[in-house]
């Protein structure tokens, strides 16, 4: 399938990290400019493009043409699609292929794909030869608005999501909104959960705009570019203030403590996409916030109503086979949440809501309260 690309004027968002600052270039039709942008940053570099089998069929040839057209030498590394590649075996494969391709420290890795490819390729770049620069070319909505920005890279452990990794900032992000036309409706919806997250954590006006325009984002063009750019600006500002997640950056994990546990409980097998887990997790976080007297019940209903209107799952029972594999066991979910990256001295850290657009970090929620909360949610779910 060939997607026609009608170029729009690109939007540039700066991630301000001093000497390690970089641009996020957003727009419909910006992919063909990738080669000249990279050549300006690293003239003469050899470039290894890491992608997955699905993305390769749509965008690898065009990406390589842009790179070679700018005088760059390329090689390709193609991995299997999905979370199965975000593993010890997956990163070993990519590292060995980079070494075989003789990628040196002054060369580049290009991550062409969604969140899995970006995390995997970025982590491999971080550790091969003790660090090779890389460029993110995100091809999913989730990657364009979240995982490609901020330098978090890594893989999953059998014990949990994203437990092995490194902070390794890209030197450039090129987000062509036209490539999102090749996503399945389910993949696009999963990415939309991360867009809604930005409204929930700090921008009620953006959330209200999304309630009106979420269908226009699916259609594309100006609404889609606005949503991606607004999300990237929000994340870039937080990353600039708290690169290593010592404080404010934790707000970006709204819904992720619950969501990552749900993903782990399904075995990262594709029954629950990351964004779908985040959607359910954000509703659970809002409901827990209401139980703690922090947010009005009307706001919780508004959040769930919007996510459901966008076609996202919002309840545990929305997960296929949710009564299997620990999904219907509050104690099993608590065990998985105990492996969350935000755990400090054995205590869970939750991102909770005081209102739509007002998120807070909380480390003083009693585990027994969370366990009872989950048990009630499971008991209320139909068999």
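Every residue gets a Cβ built from N, Cα and C, even glycine.
Feature annotations, courtesy of Swiss-Prot:
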BINDING   81-86, 115-119, 139-140, 152, 161  NAD(+) binding site
BINDING   194, 256, 274  Zn(2+) binding site
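Features as recorded by Swiss-Prot, highlighted on the structure.
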{"residue": "81", "record": "NAD(+) binding site", "Cβ neighbours (10 Å)": "18"}
{"residue": "83", "record": "NAD(+) binding site", "Cβ neighbours (10 Å)": "23"}
{"residue": "85", "record": "NAD(+) binding site", "Cβ neighbours (10 Å)": "23"}
{"residue": "115", "record": "NAD(+) binding site", "Cβ neighbours (10 Å)": "26"}
{"residue": "117", "record": "NAD(+) binding site", "Cβ neighbours (10 Å)": "33"}
{"residue": "119", "record": "NAD(+) binding site", "Cβ neighbours (10 Å)": "27"}
{"residue": "140", "record": "NAD(+) binding site", "Cβ neighbours (10 Å)": "29"}
{"residue": "194", "record": "Zn(2+) binding site", "Cβ neighbours (10 Å)": "28"}
{"residue": "256", "record": "Zn(2+) binding site", "Cβ neighbours (10 Å)": "26"}
{"residue": "274", "record": "Zn(2+) binding site", "Cβ neighbours (10 Å)": "27"}
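Within 8 Å of the Cβ centroid of the Zn(2+) site, not counting the listed residues 194, 256, 274, the chain contributes 142, 146, 193, 197, 255, 259, 275, 277, 278, 281. Here the candidates are the binding-site residues 194, 256, 274, and by Cα distance the one nearest residue 85 (NAD(+) binding site) turns out to be 274.
Rounded to the nearest whole angstrom, the C-alpha distance between residue 119 (NAD(+) binding site) and residue 274 (Zn(2+) binding site) is 13. Across the structure, residue 194 (Zn(2+) binding site) and residue 140 (NAD(+) binding site) are spaced 11 Å apart at their Cα atoms.
In the structure as shown, the Cβ atom of residue 161 (NAD(+) binding site) sits within 10 Å of 24 other Cβ atoms. Here the C-alpha separation of residue 83 (NAD(+) binding site) and residue 274 (Zn(2+) binding site) works out to 9 Å.
Recorded residues residue 117 (NAD(+) binding site) and residue 256 (Zn(2+) binding site) have their alpha carbons 19 Å apart, per Cα-Cα distance. Cα of residue 161 (NAD(+) binding site) to Cα of residue 256 (Zn(2+) binding site): a span of 10 Å.
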